[in-house]
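Worksheet for the structure shown next.
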Amino acid sequence: MAKEISSELLNTILTRVGGPGNIASCGNCMTRLRLGVHDSSLVDPNIKTLEGVKGVILTSDQVQVVFGPGKAHRAAKAMSELLGEAPVQDAAEIAAQNKRQLKAKQTSGVQQFLAKFATIFTPLIPGFIAAGLLLGIATLIATVMHVPADAQGTLPDALNFMKVFSKGLFTFLVILVGYNAAQAFGGTGVNGAIIAALFLLGYNPAATTGYYAGFHDFFGLPIDPRGNIIGVLIAAWACARIEGMVRRFMPDDLDMLLTSLITLLITATLAYLIIMPLGGWLFEGMSWLFMHLNSNPFGCAVLAGLFLIAVVFGVHQGFIPVYLALMDSQGFNSLFPILSMAGAGQVGAALALYWRAQPHSALRSQVRGAIIPGLLGVGEPLIYGVTLPRMKPFVTACLGGAAGGLFIGLIAWWGLPMGLNSAFGPSGLVALPLMTSAQGILPAMAVYAGGILVAWVCGFIFTTLFGCRNVNLD
């Protein structure tokens, strides 16, 4: 295990969050150890001063400790082992003692709902990145070497092999989402997966593709399984709630036999009658909104400028359903490269701070340690170690990101919309081969690279002019 996540560090963190008895859950996203807590008043915010911790985000019921990619997973695994070995106090007693205080501090329902997306989508992100990279590399090779789509031979076969993972992922993605969502909302994962599969089946007996469900209407009512991801999330939530209500009244002897059976029958009925049409309308509305924002340069600037703030509050995972909706409606994720400009603006701001700092200052050392991850799309080290503690550079970094978003929005407005070839992927320079557009991969890569350059330069200029005044540069 790396030094930064040693058992001593994790024991110190465990002590500062109130001990094992205050831990309700332990998990991780790509860069953060996420600890659910019963009583937030027991949490010491000075966790962020520990060596190896890049930042801390506190909510009423969760502590997010920023370690960075890879390390967060190891930290969560080691913390789970520590919790398994530690003597645990009565969690229910702790919760009861502090219930009133927790209610007073409770964050909004919207923020809590968005936090669920981390639980649903984080396990899928490595697959998104891997499949997207393989597809991007294969598409780039085919473009540069002028390989026709119907070509035969070793190279075309190898390229098709690299592309098949993306096809498999997005064909059956709703089942994975349904499974994770049902669990996140407190239900049984397999029930969510089965309900999600209803959105994947075909209901047109004359169709030549897909798998026919065996009926084309629901007791005479038409079936319209549009709005895949949005509908699946709603259905998984309903499935978990219905399962909880059924289990409450089900005798223990019949629980395994009847609970899932009744849950599936009720949820499927609701899905066909209400959730599928509702999901379709929400899907169309969300797609319309973000497609129009993407085609509006100023809308792109606002989205890119505000994204770092979403990262700070830990609700940036809430954009993932939007990514999936855009993939369905556009064929690529046009929002992701716009939001990626936020990280590029921060790189420019960090370089300006490095330039203005004293040669042997701690600030220069902090920037050197965080700039490479920032260039590769991992922004937390720069956020929590460099810009956010000084505030003004954080604001100018947001302005630099907004300038990059404005650039991409202008290019789209002039007739070259582009986006990521996957619902999710790496940002920064690593994302270059994942860009695509109707005009091909190379124009999309050029637009993305131009946006990054604009964000770097503007972040640097804004920070040099406005972000260094009355700021500690030591």
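Cβ atoms are placed via backbone N, Cα and C, with glycine included.
Both Gly19 and Pro393 are recorded in Swiss-Prot on the same side of the membrane. The transmembrane segment (335-355) is not in contact with the transmembrane segment (261-281), judged by fewer than 3 CB-CB distances under 8 Å for residue pairs 6 or more apart in sequence. Non-local neighbours of the transmembrane segment (369-389) in the same chain are 31-32, 48, 54-56, 66, 68-69, 308, 311-312, 340, 342-343, 346-347, 349-351, 353-354, 363, 397, 426-431; each lies 6+ residues outside the stretch with a CB under 8 Å from one of its CB atoms. Secondary structure of the topological domain 'Periplasmic' (415-440), assigned with DSSP and counted as helix (H, G, I), strand (E, B) and coil, comes to 7 helix, 6 strand, 13 coil.
Around the Cβ of Cys29 (active site, phosphocysteine intermediate), 23 further Cβ atoms fall within 10 Å across all displayed protein chains.
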